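Novice: Annotation source TrEMBL lists transmembrane segment at 33-60, 66-87, 125-146, 152-173, 185-204, 238-259. Residues or ranges marked as domain 'ABC transmembrane type-2' by TrEMBL: 36-263.
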Amino acid sequence: MTSVADIMADADKPRRWGWWYVTELRLREMRGYVSYVVTSSFANPLMYLLALGIGLANLIPEGMDGVPFLVFVAPALLMSTILTIGAEEGMYPVLSGFKWHKIFFAIHATPVTPGQIVGGFLVHLTIRFTFTAGVFFGFLILFGAVPLASGWVMIPISILGAFSILTPLGAYAARLEDDTGQFALIQRLVVMPMFLFSGTFFPLSQVPDWLEWVGWVSPLWHATQLGRTFSYGAIEPMWLSATHLVVLVAYSAIGGYFMHRSFVARLTK
């Protein structure tokens with residue numbers, strides 16, 4: 001016979017492990033499109049490296065920043081891939097959970113709190129980012145694009161970079177009542193310029209002065225520069241490397257704070 005203590009213990013589990021239940025749910029949902037996740041995780045790095053890495057490298061035989069062009073651009077390709085996934089996950093999946101599938105409301109009908117919903121959502125994405133970044137890094141090793149053993153640090157940097165754009169977008173998406181083209185506008189006016197003008201294919205110093213500010217506010221540039229430091233030993237002042245890290249942490253932390261507030265406001269109104 002089940003005792004009152006056992007019942008109370010079972011009821012207390014969601015309060016302690018609610019974030020993991022949300023993570024498990026999101027991972028189970030991925031089974032519906034796991035083939036896309038796996039295929040894109042292998043195909044995208046290969047296409048990026050062949051087209052943008054090796055292809056452009058043939059046109060720039062002198063390289064960049066004192067290293068072959070493939071070595072220079074490799075960290076940027078890894079970072080841009082993971083940050084782009086982060087941007088995507090911070091938009092439609094968040095709005096979908098509130099408007100179309102309403103899964104966040106269903107979860108909140110249990111003892112799971114809004115904070116645990118956000119936590120589980122982010123843990124699930126951490127797992128996905130780690131897998132995708134790990135596969136991409138493996139391709140970089142195969143192509144000889146990572147000279148230093150410390151290059152593996154690019155994986156956690158890319159995850160931090162992804163959160164630095166995902167959480168602000170997630171905070172915004174959680175407040176939306178409908179999609180009237182806002183996400184398409186963000187892709188065109190934020191994500192694409194960030195990819196083009198964040199020192200991805202050439203140093204930021206070569207960008208026109210009136211565009212250089214894009215790099216300074218872009219999480220992609222900060223993540224890429226940190227990645228280059230660990231990948232091939234790019235030389236820059238210590239204060240600048242520290243700035244890269246501080247900016248990424250600040251974007252992620254502030255974005256996470258407002259994402260939590262947005263979830264609470266949406267789920268409790």
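A Cβ is built for glycine as well, from the same backbone N, Cα and C atoms used for every other residue.
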Novice: Taking 33-60, 66-87, 185-204, 238-259 as candidates, which has the most Cβ pairs under 8 Å with the transmembrane segment (152-173)?
Specialist: 238-259
Novice: Hey, would you say the transmembrane segment (33-60) packs against the transmembrane segment (125-146), going by three or more CB pairs under 8 A that are 6+ residues apart?
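Specialist: Yes, the transmembrane segment (33-60) and the transmembrane segment (125-146) are in contact.
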Novice: Any chance the transmembrane segment (66-87) and the transmembrane segment (185-204) are in contact, meaning at least three CB pairs closer than 8 A with a sequence separation of 6+?
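Specialist: Since 3 or more Cβ pairs under 8 Å link them, the transmembrane segment (66-87) and the transmembrane segment (185-204) do come into contact.
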